[in-house]
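J.: Handing you this structure, nothing more for now.
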Amino acid sequence: MDYLKKVLLDVFDLNADRASMEEISERIESGALLKGTNMAILILAMFIASIGLNMNSTAVIIGAMLISPLMGVIMAIGYGIATYDTAYVRKSFLKLLFQIGFCILTSTIYFYISPISTASSELLARTEPTIWDVLIALFGGLAGIIGITRKEKSNVIPGVAIATALMPPLCTAGYGIATHSLKFFSGALYLFCINGVFICLSTFIVLKFIKVPAKQYVSIQVLRRQKFYLAIIGIITIIPSVYTAYQSVRDNVEKAQATSYINEYFNYDDRQVVAYHIREDSKTFEVVLIGKTLEETQIDKLKKDLLNYSQLKDLNLKIIQNVYDEGYSKQDIEKLINSSIQQRDGVLNVANKDSDLMKYQNLSVQYYPAYQRITDNQAILKAFNTKGKILFPQIDKIEGGTINNINEKGEVNALKFMVIVYVKEQLSSQDVVKLKSWMESEANMPVILNVQISSDNEDNIISGNGISW
């Protein structure tokens, strides 16, 4: 046992290749400088990160994280705490506050003037930090300070800069201010606080482990008070992330069970699931179907099957199926035409009754298809606007109508349905394909689809941004 203990101590001995205390102090202090090269690099890194987040480019964001000097000031705070240098901690903390304010201001200006205001997936990824972000910051900080305290410089610091990602959260906070979004601002700022606090704590832990000398003598009471405050700060920082992690795990399990339920019980030959959503506010599991209408007995069975899933059993199953509003029949049209002619020409002449009836029938044959198409258009557009917004929340409104053709006999035939979809934010190519397929099933004819991004003014549409399918 003693031999194993000795081997482990030798393997994990952080003092074996440790740099001198003077060199460690010099490295940390040089990394915390707030002038010259560091400040210029900070400005450039901020713009690079903002552009990368705006364009949803992971490679550009990684580049910004590699050149960002933010981590040096945070480690300097941890160094000041470990050496009990209150003045140095205060000075480093003020430097960090200045850098944070400057970075957020820079990104706010960029996103305010940027023509692209849609939130990318990279921006969204910085709005809901979890306990895993805490662990990344802790382990990344430990690796970073161990790398700094070595005799020879290694590639640890660039890796830590990428893993802990200090720059993107500040850019996202700036985006939140520019777009007046509290969710983006608060979520991103909380992620930065997690990274900053745990990099600082990990720096303190390693420096105390390698016995960095104190700048001044401190009593046992001061040491205990310091440890207590650091523990409190760590716990307060962790609590919200634990809750968001719980929500994230629950949502993932819920989505997995929903997918399993759909694949297991909605496997029909004559029906197809277009989309399904879980609405937490109303505790409803909505399933949108096209094809043959389900009977009540089938729906009741599906509701019972839902009870087999732990995360779904408390939800109310709501199935949205193809239901068209019924318009007037051909006979109703004949009556309308009859009534219209009577109002125009007066009471019918009994002697010409048969010829007039024939005239009414001919008129109904001529005009009914057009009326029927108008009625069908209304029903289809109503279905598009009600169901479409459920399937694709990005949709603002839908307009459209049929493209008709008149044959040699003068008959009007509907060939295609032309649709213009106004969206709040651009749909992905996959979503556009799904939307077009669903619309063709709903309209029962080919669809020409044009997607436009809605402008702030509802009467105007941004020109040149339409995508036709």
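Cβ atoms here come from the backbone N, Cα and C positions, even for glycine.
Checked TrEMBL, it gives:
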type     : residues : note
TRANSMEM : 32-53    : transmembrane segment
TRANSMEM : 59-81    : transmembrane segment
TRANSMEM : 93-111   : transmembrane segment
TRANSMEM : 131-149  : transmembrane segment
TRANSMEM : 156-178  : transmembrane segment
TRANSMEM : 184-207  : transmembrane segment
TRANSMEM : 228-246  : transmembrane segment
J.: Let me spell it out: take the transmembrane segment (228-246), skip the flanking residues so only those 6+ beyond its ends count, and list any with a Cβ under 8 Å from a Cβ in it.
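T.: Beyond its ends, the transmembrane segment (228-246) has Cβ neighbours at 81, 128-134, 190, 193-194, 197-198, 201, 204.
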J.: Can you tell me which parts of the same chain pack against the transmembrane segment (156-178), counting only residues 6+ beyond its ends and a CB-CB cutoff under 8 A?
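T.: Sequence-distant neighbours of the transmembrane segment (156-178): 45-46, 49-50, 53, 61-62, 64-66, 68, 70-71, 74, 100, 103-112, 119, 122-123, 126-127, 136-137, 139-141, 143-144, 146-148, 184-189, 191-192, 195-196, 199.
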J.: Among the recorded stretches 32-53, 59-81, 93-111, which has the greatest number of Cβ pairs closer than 8 Å to the transmembrane segment (184-207)?
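T.: It is 59-81, which has the most Cβ pairs under 8 Å.
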